[in-house]
There are 2 protein chains.
Amino acid sequence: MPQFLTSSDADFESRFAALLTMKREDSVDVDDAVAAIIADVRARGDAAVIDLTARFDRLELTPDRLAVSEAEVDAAVAQVPAAERAALEQAAERIRAYHERQLPEDASWTDAAGATLGWRWGPVDAAGLYVPGGLASYPSSVLMNAVPARVAGVTRLVMCVPSPDGVLNPLVLLAARLSGVSEIYRIGGAQAVAAMAYGTETIAPVDKITGPGNAFVAAAKRRVFGRVGIDMIAGPSEILVIADGQNDPDWIAVDLLSQAEHDASAQSILITDDAGFGARVAEAVTTRLETLARRDIAGASWRDFGAVVTVRDLDEAAALANRIAPEHLELAVADPDALAAKITHAGAIFLGQWTPEAIGDYVGGPNHVLPTARSARFSSGLSVLDFLKRTTMARMTPEALKAVGPAAVTLAGSESLEAHGISVQARLDRLNQG
Amino acid sequence: MPQFLTSSDADFESRFAALLTMKREDSVDVDDAVAAIIADVRARGDAAVIDLTARFDRLELTPDRLAVSEAEVDAAVAQVPAAERAALEQAAERIRAYHERQLPEDASWTDAAGATLGWRWGPVDAAGLYVPGGLASYPSSVLMNAVPARVAGVTRLVMCVPSPDGVLNPLVLLAARLSGVSEIYRIGGAQAVAAMAYGTETIAPVDKITGPGNAFVAAAKRRVFGRVGIDMIAGPSEILVIADGQNDPDWIAVDLLSQAEHDASAQSILITDDAGFGARVAEAVTTRLETLARRDIAGASWRDFGAVVTVRDLDEAAALANRIAPEHLELAVADPDALAAKITHAGAIFLGQWTPEAIGDYVGGPNHVLPTARSARFSSGLSVLDFLKRTTMARMTPEALKAVGPAAVTLAGSESLEAHGISVQARLDRLNQG
């Protein structure tokens, strides 16, 4: 059974605090193993990647077989049924349209001192996208990572996807083609991350690595951070639904299960101002679990980490939501905009009863790569900005230097950075002579 | 002597590549020590911080003495000479004006399918600013970290600055006051980072930690990344100057030295299309080094890591600059805007001979916290965006769900995520019944 909490209960604060800090993942310590893998790839390049792929994916490769060829992609893509192709195309198009709005503007202005200031944005040269193999090899993930990179203007877009026993997912390859991936390698794990970060004879290094992965991939991303940019270290998925009593309990139950079915470590929480409704949703979850294909996973998640929280009113719901800082937040209430205005921390908000979270996983338009584990307190979902960087610009005229230079000389003196001061003073002296 | 390279020489490519990959820092492995410090602070809170401060800073504290009091700040600030106060105020005001322009806009629109989409930006609740003690305790750093946080709307702004043997820098405290820092703690090192990330009895946890520090601070930031946001792991400073022959060699020499004096591991590179000018700059560096207060540091940096590169023309200079992806780039050429248009990777660009890099360290307006070690390939200097996060928004109408829902159901099926599909299909079924 999930937990049932009621905000008016005496033990509520301690139980809610425990819910917030609940440990949902066994952090396997793979850091030493990953350090060794990265060192091996740096030292031996392709040969190391090939050895590690034989060991972990039971796949014998040669350097010329690391890349998935165009012909292989053609053959795989040809197998995709028309309905699935159309759905992927619609998703790609909607994701592209949303992310095109994120492109930031350059700026340049001249201030009162006569200084011309501003900034310019530009894309990274090359991005690497990690896609897990096996069960969690999702074509939607390819779109969500690759489309923003292409919208940002990234020209070289590398994808690494392991193919355990040689199996690749045709829909993943189609998603890669639809979103403009330029190179695909059939490798995975820490060795793929190392190859993208440091390069091998066959794989040129990239500047930024994004995409989800297992503990090895996460540890490798953490280690190569600094050498390349990374997106985030994603934890198990979460959903918080705030619903009033005017909802179909079955819809809300399925929405909760749509996160629970991802992973036994996922977490689904309902907050409602109607205790009876909360009980009906819990019953509906139990009923749905009887027939759900992934009932073992979803059932374990709901049992171990699920919660139904009854609150006095929606203001209280908003305050609790901000403490949770959920990855996904559904607002199934009469006035979702009013409630959304009270939310300060959430990765993505889904407004109203016609917006189940699953829409956002595929075809809504916004990105589904979102901050987990309360990190929406300080971070955002993946966006075009992750593939851009900003260069600041400053140009002084002699007049501007006269206006601001003396303060720089003073502060350089305070910080005992003499050459800093001289570099400004030498120019001021010339101006004062003139 | 610095290195002299000429792009037309046969060995240029190999020498330039070696310059790019030159190792400038001994990476001291403090990771195990830092892990132990963080675990200690998590377990024992204030008591651990106090013990570690006694050990590393030779300072005996009590819980009520962790914070620097308002009265202490008042007393310190009163010692600051008027000229330094005015300079700091001018700097703070210019930095504030620049960063206010960075505030991003929210967006909301309704698309052809009838879906209302968009995003909202909001500040983190609390930010923590690390300021090194001792020699590198720079008031300008306080401004560059704290002002963007305040402009972003961060209300709780915590500063940690170690005070070895009890000594605090009055200008650092004044800078904190001018930029709206709300709490100051006299602690440093990995223990300060741990206290800000996890909280202690006295110090409430923050959501984001920024600011420079030594190897312990850097390792601690890397470890707490995910629990809180961090800015970047900064390496030693660098400058690249591209200058034609129409410059005063002494000005360019001092500009190069203004980075070299930061740190023996700093790197200063001149690229010029005039070999004779390059030689005159090198001579001027030698002359200036004779009298510079920090000649040991600057001299070591210039000797070990400095370089003068002669190129055929400025196009070649731009191509090399993009491979270097410098933290600071000065364009001391006749048409700096034309050359800047060819630069794709740089943290900050300083245009024309009246814009020495030191202006940007203090009073230019743009941030001086910039990507080092070639990370301008994929990252940006500190900005208001570092203290904001974005929540994406989506709202479907029944009509919008009819338009995009079927594709979501199809893709959920492809990914074997049954509950995802049901959550959409259940709503579509209701619409189709009606």
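Glycine residues also receive a Cβ, built from the backbone N, Cα and C atoms like all the rest.
TrEMBL names B:Ser237, B:Gln259, B:His262, B:Asp361, B:Glu415, B:His420 as substrate ligands; from the candidate set B:His99, B:His328, the record adds B:His328 to that same site. The highest number of surrounding Cβ atoms within 10 Å, among the recorded positions B:His262, B:His328, B:His420, is found at B:His420. Of the recorded residues, B:Gln259 (substrate binding site) and B:His328 (active site, proton acceptor) place their C-alpha atoms 9 Å from one another.
When the Cα atoms are compared, B:Gln191 (NAD(+) binding site) and B:Glu415 (substrate binding site) turn out to be 45 Å apart. According to DSSP, B:Tyr130 (NAD(+) binding site) sits within a strand segment. For the pair B:His328 (active site, proton acceptor) and B:Asp361 (substrate binding site), the Cα-Cα distance reads 10 Å. Cα to Cα, B:Tyr130 (NAD(+) binding site) and B:Glu327 (active site, proton acceptor) are separated by 21 Å. Fewest other C-beta atoms within 10 Å: among the binding-site residues B:Asn214, B:Ser237, B:Gln259, that description fits B:Asn214.
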